[in-house]
Protein chains: 4
Amino acid sequence: MCGIFGVYGVRDAAALTQLGLYSLQHRGQESAGIVAVDDARHARVSRAMGLVSEGFGDEEMDALRGPIAIGHTRYSTAGASAIENAQPILARVRRSHIALAHNGNLTNAVELRRDLEDGGAIFSSTMDSEAIVHRIARAHGATPEARVAEALQGVEGAYCLLIVLDDTVLVARDPHGWRPLVMGRLGDGWVFASETCALDIVGAVYEREVQPGEIIAVDAHGLRSVHALPPAPINRCVFEHVYFARPDSAVFSGSVDRSRRALGRQLARECPAPGADIVFAVPDSSNSAALGFADESGTSYELALIRNHYIGRTFIQPTQAGRDAKVKVKYNPVRELLEGKSVVMVDDSIVRGTTTRGLVSLVRGAGAREVHMRVSSAPIISPCYYGIDTPRREELIAAQMTHDELVRHLGVDSLGYLSIDGMLSAMPEGPDGYCHACFSGKYPTATPSEPELLRAGGGAGLSIGIA
Amino acid sequence: MCGIFGVYGVRDAAALTQLGLYSLQHRGQESAGIVAVDDARHARVSRAMGLVSEGFGDEEMDALRGPIAIGHTRYSTAGASAIENAQPILARVRRSHIALAHNGNLTNAVELRRDLEDGGAIFSSTMDSEAIVHRIARAHGATPEARVAEALQGVEGAYCLLIVLDDTVLVARDPHGWRPLVMGRLGDGWVFASETCALDIVGAVYEREVQPGEIIAVDAHGLRSVHALPPAPINRCVFEHVYFARPDSAVFSGSVDRSRRALGRQLARECPAPGADIVFAVPDSSNSAALGFADESGTSYELALIRNHYIGRTFIQPTQAGRDAKVKVKYNPVRELLEGKSVVMVDDSIVRGTTTRGLVSLVRGAGAREVHMRVSSAPIISPCYYGIDTPRREELIAAQMTHDELVRHLGVDSLGYLSIDGMLSAMPEGPDGYCHACFSGKYPTATPSEPELLRAGGGAGLSIGIA
Amino acid sequence: MCGIFGVYGVRDAAALTQLGLYSLQHRGQESAGIVAVDDARHARVSRAMGLVSEGFGDEEMDALRGPIAIGHTRYSTAGASAIENAQPILARVRRSHIALAHNGNLTNAVELRRDLEDGGAIFSSTMDSEAIVHRIARAHGATPEARVAEALQGVEGAYCLLIVLDDTVLVARDPHGWRPLVMGRLGDGWVFASETCALDIVGAVYEREVQPGEIIAVDAHGLRSVHALPPAPINRCVFEHVYFARPDSAVFSGSVDRSRRALGRQLARECPAPGADIVFAVPDSSNSAALGFADESGTSYELALIRNHYIGRTFIQPTQAGRDAKVKVKYNPVRELLEGKSVVMVDDSIVRGTTTRGLVSLVRGAGAREVHMRVSSAPIISPCYYGIDTPRREELIAAQMTHDELVRHLGVDSLGYLSIDGMLSAMPEGPDGYCHACFSGKYPTATPSEPELLRAGGGAGLSIGIA
Amino acid sequence: MCGIFGVYGVRDAAALTQLGLYSLQHRGQESAGIVAVDDARHARVSRAMGLVSEGFGDEEMDALRGPIAIGHTRYSTAGASAIENAQPILARVRRSHIALAHNGNLTNAVELRRDLEDGGAIFSSTMDSEAIVHRIARAHGATPEARVAEALQGVEGAYCLLIVLDDTVLVARDPHGWRPLVMGRLGDGWVFASETCALDIVGAVYEREVQPGEIIAVDAHGLRSVHALPPAPINRCVFEHVYFARPDSAVFSGSVDRSRRALGRQLARECPAPGADIVFAVPDSSNSAALGFADESGTSYELALIRNHYIGRTFIQPTQAGRDAKVKVKYNPVRELLEGKSVVMVDDSIVRGTTTRGLVSLVRGAGAREVHMRVSSAPIISPCYYGIDTPRREELIAAQMTHDELVRHLGVDSLGYLSIDGMLSAMPEGPDGYCHACFSGKYPTATPSEPELLRAGGGAGLSIGIA
Ligand SMILES: Nc1ncnc2c1ncn2[C@@H]1O[C@H](COP(=O)(O)OP(=O)(O)O)[C@@H](O)[C@H]1O
Ligand SMILES: Nc1ncnc2c1ncn2[C@@H]1O[C@H](COP(=O)(O)OP(=O)(O)O)[C@@H](O)[C@H]1O
Ligand SMILES: Nc1ncnc2c1ncn2[C@@H]1O[C@H](COP(=O)(O)OP(=O)(O)O)[C@@H](O)[C@H]1O
Ligand SMILES: Nc1ncnc2c1ncn2[C@@H]1O[C@H](COP(=O)(O)OP(=O)(O)O)[C@@H](O)[C@H]1O
Ligand code: SF4
Ligand code: SF4
Ligand code: SF4
Ligand code: SF4
Ligand SMILES: [Mg+2]
Ligand SMILES: [Mg+2]
Ligand SMILES: [Mg+2]
Ligand SMILES: [Mg+2]
């Protein structure tokens, strides 16, 4: 998963982009980058491993001049973790430059790469996104948007793209619409972002979603929208509402905070925990859902788990802390609230189950008498090929165990998941038009032919490692 | 303010100490340090600026061997911010070593330092704590605890101390008891910490508070407690409950989560906001209080402000973000919850007022119709001399403005503070035995003769700056 | 200028390459990189700004496994200084990988790049070398050497190349032979390097020069040499002998120490300084020449200038040191040897003249009565387009001033340069077959059409800056 | 060994001190520090591990304001290598500050420390120098110089001290005069330094040596010199001339370059190598001596070993390079000069013998037929207790082997050392008044009672390690 942000036509576009990336940091913490283009059409890039707050000093920001900028925060999905794989990509094409930032995952990256390589293209990263840059370089359309449209024919899978071609900013969203992308106005300029929270932070006024299949071009001639890609059924990612997006955002036009509340209420209806004394969240992604569960069930909402503010990415696991060290340092139980109680612990999802297991043992250690686990989504049983980094099936705990085995494995007194229908019914615009492949196993498109190669960035045959 | 943690008689004491410091990180993020003493009585120290998670790599931890360790996280109060002022202090005294970690502030540091300097002592830091080390070096008592007791005669102000003298661990708490200090058992060994959350994380069993005026010594001969300091009225810091301590801790034997709930309920009684649609916290320190307000008032509790997880200490203020940049990046309003609403915003305290002002403007910008500010403590009107880094009176907004001026300055529709009595009534063990000097201006002891010198670490006459 | 080093068929090829790069560090200190290919044909790269000794830790070296490796140390000539421009380049081509390290400069880089861009190629760096990678990717020859030969048709200018294509190591030297390249044997394997000193350090046995116009391929089938490029007159760079190469190397089959001695002797003959008391070098590049001058003239050789060992690349100019700070800190005069003396100061070349001016003032300040400057090469009056980073003509002091002006400007009592003929006569293999364009202004080939663009790495039209 | 530098009464004294430390870097590369005192008598310190060029950025230098500064470069002798042991020491004493920089080693540090600890002093480092600070703090003299004189009574061993007490700069040299110390004038101010090369670099005019046993005070009242220490025989360190000092310095009033030339000539007389073809130095410390040997013997001087400029302190030993890796990377033989020759290799001294052994094998590997080793000092057979970091006797190769064993061990055809008398005869001011204990085993004073404790910084009983 990644966050993307772009600006056209506002002074100091890079500084705004930095600000936007701060608010999209939850979408990726592995690396961050900004490309800015100045009035003399000179493009500059700064990329760094780590957080936005670490990567851009005064010197970098001063260099990133001009009224056009795009930025990217990366959460490694396809391609190894290395500075070579940080985005935006900046390259020269046809006597000009191209910059590209991509959120999503292409399902035919292996095939695209092979075709391009057979045509003599060289690849300098292991990212699937690089194939799109090559295709744009080879497209011959009369306008920038025509070139992008041409390049995207035959590109399958999930993509939200921000592109700068010379001094045109281009935006594209795949016809299925897996990932969110919005646009807003800031003075005379335009702002594009993965989530509305990034518009808010720069003071831009929300205009609308970029539509599935839409390509937008903005330049000195104004804004143009084209729908040149073959139409497809809509498959918004339900997981954006469940976990990924920030609660202060609207994604797919619906408030995330409200959808999580609704998920929590639905969960209380589907899987009540009648005798429980208190309900609490695994902070912070489940706060809204737990509040919804508490509302609906009438059980008292407590802050029984504290999340340590200071556990950074570079957390060094203390040797003495043992097996559950990371969980113990990250989450701290409030003994006074738990001791002797029958409790409902709400989390948004369970992937490998290790965190949940650690939390249950923590909560029992702090005196909880009964632990009733409630999950505000359905069991995850299949990998995602559309841009979210879920592991292989073998590592998905719900794909490996029966309900009873899971109850024993997690050490809970009871375990309740939302049904797929219940989950979809909580979506702000109704249950239709959502992807739920990772929950149902029903993929809305053909799945990749060589998923492991895809994971490695779409490299075919010999792969390139980055030391 | 600082956090201290110590271990006696447990294998890999330094690793436990690192873990303990992780959970005391909220008490100080400026620097961290650990001293360990091995079986051959060899003492080693590692100190670094910044967070615990940044300071101690594998190499450092491997070197810190032995069954005795003390650690410290520092929040600069007295003495400049520099590696020279990181604790624990480690020094040689009388053919042995001494290590010392201090939470609190001495009110007669200037006088102590002058006396020692007149006696030929040299000071290599600007910390008031160094004076205690000198006094222990000059004390002649027959036992370690007698030496510490002798050294502490005449030392005024707030201190919780962890000391290693040769292979004895010593613990001392000033007779007024401003700062919290607890002890626990871990196997055959002992653990000491500022807050109980640090006992929990290492799996130690809470034993009791270290008492005001108590000195404890633990060594191969066992644990000894002495009460050799002149008795004094108890003055626990009410601010520990209001803001400083972590909600999963018990301080002064009372649960912080429970006291904050009670503060919030009392606030709802004293300063109701009848027509309000929702109540929300400034996360995370005010979560419990806001929940208490919601309970008592029957107003619906919402998560209307999101706190960015990724704003580290090294946050670089983006140039475009303008005046309220830091607030805007740290806190993000949920427009869906605020738009058109009359809202109650609960925070634990207001110091300079800049954050509050920024938040009010943020919340209004997200559409709130009316903003009713509620504060779960009394107005702060006086500086603290007992270990909390409140600024001078001139910077305390509530000391500079009338209530009406404050309402206008903050831009709120109404503003309600708790009364001092109301605040004290919410304390777990009743209203007595608490310091409230920063709220009432009534200092329980003589105030420092030269507060500015004290701020600079008790240096007299010429001061030493650290470049 | 750059240094390149490659290994085929020796265990731990990357460790040998690191060692080789240590001894080629004088050819470039801006960045260093190594690509290694393991037995499973997996290619890995590590690149870093700065010195070889700074860039490769244990972790990096452990990852660079396998019996094939090539390395590069870079001294920025074409393309901005940035990690994006560090070599070796590693890319995927035609379902395999390609790695390339380049020493030299292409004179038609702008045209090559334009053609490739028109054919849809994208460029991710501003280095001219990237064009060669693209051309290899597009070549269709049956063997690796055929592909490289095809790719190099039409490539003009100076190049020594080390290439890995899948599991074949390829080596190429342009038909003019500007830059040196040698090969040696190490056990059953092969080693290639810019200078023989790098063969020595790894214990390889010198075999021969790679010949101008030669392409060599080594793989499991053995070593093959082809001469498939159009023949051209030989133009070895005389500056390699004068200044660039290390005195313990043989370049173009001749000993550098011996050629510099001969330059010094010839200088004594052409520009004697009859009344001088002592002769000394500007250490260390002129040591051999100064010794030659002393021999021939019978003047006593002294170590009158000391070169500070500890002035690293990151030297921070002390504010008080004033105008000549860098010179003063780097070179220190020995007063006892200079006081009251008439002295001959020998340096290998004068470029901008600032160092020489600083040295003259230093030497006078230490008491020298007369300063006779002697230069063991001819005046530099024209820029180099073949891989050495001489500045534009306007900055070349000898191109801007008459001899008399120069004497006054440098502040010397007399100034003697070698004649071009004298300089060439000192070359080990006689005066023919050498380039001397920077001294004579006679370029052996067409000069670049757009030299400034070339400097920027051959980018055409809009250029890409790297922040 | 260490370098010290101080300024009184010149604007931007710290910037001059930085410059002076650059030129004293060869006396210590482990850490560097500067203390500056401004007109408001505010003292500031900056200390860092590593080189002067790495430690002081613009920010640090800007903070170090004022007309008084002292600086130090450290080469670990007594006390572990750690930032806690970097100098200058800065401390508060008697309502003022003291800063101290020390070159030398105290022979009764253990006893001094014990006495002070018994008197209640605490030590925060493991350096012997800290004892002097304590003694000054306890002295009661009426003037600063009287206090320093009082403090130094009973302090035995080697010291050159730069001290700032309030706004007086004090300078002291022990009565034996082991280490060099000079003074110069710069405008109206004064400059003090270990070697004259540091006066030269700041443009100060050499005034004279600070005399053995002299204490100098400079302040607003002018410069005062006192001779208040018990007189003692003079024991200048002969090793300063042999190896330690820089050739462009005068130490003990004699030119180092001239003394090394004389050592080389004497060596040629005492240990000729009649049939040799060439003579060369192990660069750079032996350049002058090798030139002297060549002069005297008439053998041709060649630059047969090249010293790599880029081997920094952080050199990572390449795994493939094997046993002699460090030597091979640091020194490179010139095959053309060595092949088939009988050669004389001159070095200034042999300590452990590992470098020499490596060099001999390198030189033979490059084809030398016979290797005649000549050393421009006598065999080192005893440790130094006066400030130079020679190892214990067991590690001194000349103390462990007979001449014949040594010849075999080093792999040379012949080995010639200077005699002690011959070495002393080459000293500029005649053979008397020099310490030669490490060569002769005749210590001019009582040796330390507990040398190992001394090594650890004079700590008694339990020592403090610094992790
Ligand atoms: N301060 C916050 N409050 C509530 N939800 C948050 C907050 N910050 C991020 N989120 C949401 O939570 C997700 C991160 O989940 P969180 O529980 O905070 O961490 P984790 O990934 O460890 O579960 C984000 O993708 C976003 O949806
Ligand atoms: N995860 C948490 N949840 C609730 N309270 C917390 C948490 N972490 C720290 N605290 C409490 O909040 C205080 C820090 O306040 P907080 O609002 O998080 O930051 P700030 O200092 O910016 O107000 C701590 O001293 C502690 O009392
Ligand atoms: N140790 C050495 N002794 C003699 N020549 C050297 C040495 N190291 C490098 N060189 C040669 O000197 C050149 C570097 O010149 P040098 O004078 O040392 O530095 P600068 O580039 O500052 O002039 C190298 O390219 C090489 O030819
Ligand atoms: N550039 C130089 N030329 C000659 N002698 C030097 C130079 N720099 C330092 N020295 C002298 O050489 C000593 C360092 O010896 P050197 O041979 O350069 O290194 P090493 O310590 O490796 O032997 C210094 O203490 C000084 O006396
Ligand atoms: S598979 Fe799951 S995570 Fe992936 S897009 Fe579909 S709903 Fe979202
Ligand atoms: S003055 Fe305030 S902050 Fe300080 S100890 Fe008293 S109550 Fe606590
Ligand atoms: S122009 Fe000069 S530097 Fe360049 S290749 Fe020719 S001789 Fe060498
Ligand atoms: S023992 Fe040797 S090194 Fe030490 S002072 Fe005496 S001569 Fe110098
Ligand atoms: Mg979560
Ligand atoms: Mg807060
Ligand atoms: Mg040079
Ligand atoms: Mg040497």
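Every residue gets a Cβ built from N, Cα and C, even glycine.
Remember, TrEMBL labels are computer predictions, not curated facts.
TrEMBL lists B:Asp347, B:Asp348 as Mg(2+)-binding residues, and of the candidates B:Ser285, B:Ser288, B:Ser414, B:Ser419 the one it assigns to that same site is B:Ser285. Between the candidates B:Cys197, B:Cys237, TrEMBL assigns the [4Fe-4S] cluster site shared with B:Cys384, B:Cys435, B:Cys438 to B:Cys237. Each of the binding-site residues B:Cys384, B:Cys435, B:Cys438 was scored by how many other Cβ atoms lie within 10 Å of its Cβ, and the smallest score goes to B:Cys384.
What surrounds the [4Fe-4S] cluster site, by Cβ distance within 8 Å of the Cβ centroid and not counting B:Cys237, B:Cys384, B:Cys435, B:Cys438, is the set B:Trp178, B:Val238, B:Phe239, B:Tyr386, B:Ile388, B:His436, B:Ala437, B:Phe439 from the same chain.
In three-state terms derived from DSSP, B:Cys438 ([4Fe-4S] cluster binding site) belongs to a helical segment.
Summary of the Mg(2+) site environment: with the site residues B:Ser285, B:Asp347, B:Asp348 set aside, the chain residues having Cβ atoms within 8 Å of the Cβ mean position are B:Val242, B:Tyr243, B:Ala281, B:Val282, B:Ser286, B:Ala289, B:Val346, B:Ser349, B:Val375, B:Ser376. Most Cβ neighbours within 10 Å among the recorded positions B:Cys2, B:Cys237: this distinction goes to B:Cys237.
A straight line from the CA of B:Cys438 ([4Fe-4S] cluster binding site) to the CA of B:Cys2 (active site, nucleophile) spans 18 Å. Averaged over the domain 'Glutamine amidotransferase type-2' (B:2-221), the predicted model reaches a pLDDT of 94. Spatially close to B:Asp348 (Mg(2+) binding site) yet at least six residues away along the chain are B:Val242, B:Tyr243, B:Arg260, B:Leu263, B:Val282, B:Ser285, B:Ser286, B:Ala289, B:Val375, B:Ser376, B:Ser377, judged by Cβ distances under 8 angstroms. There are 21 other Cβ atoms within 10 Å of the Cβ belonging to B:Asp347 (Mg(2+) binding site). Ligand 10 lies within reach of none of the recorded positions B:Cys2, B:Cys237, B:Cys438, judged by a C-beta closer than 6 angstroms to any of its atoms. Rounded to a whole number, the C-alpha distance linking B:Cys2 (active site, nucleophile) with B:Cys237 ([4Fe-4S] cluster binding site) is 14 angstrom.
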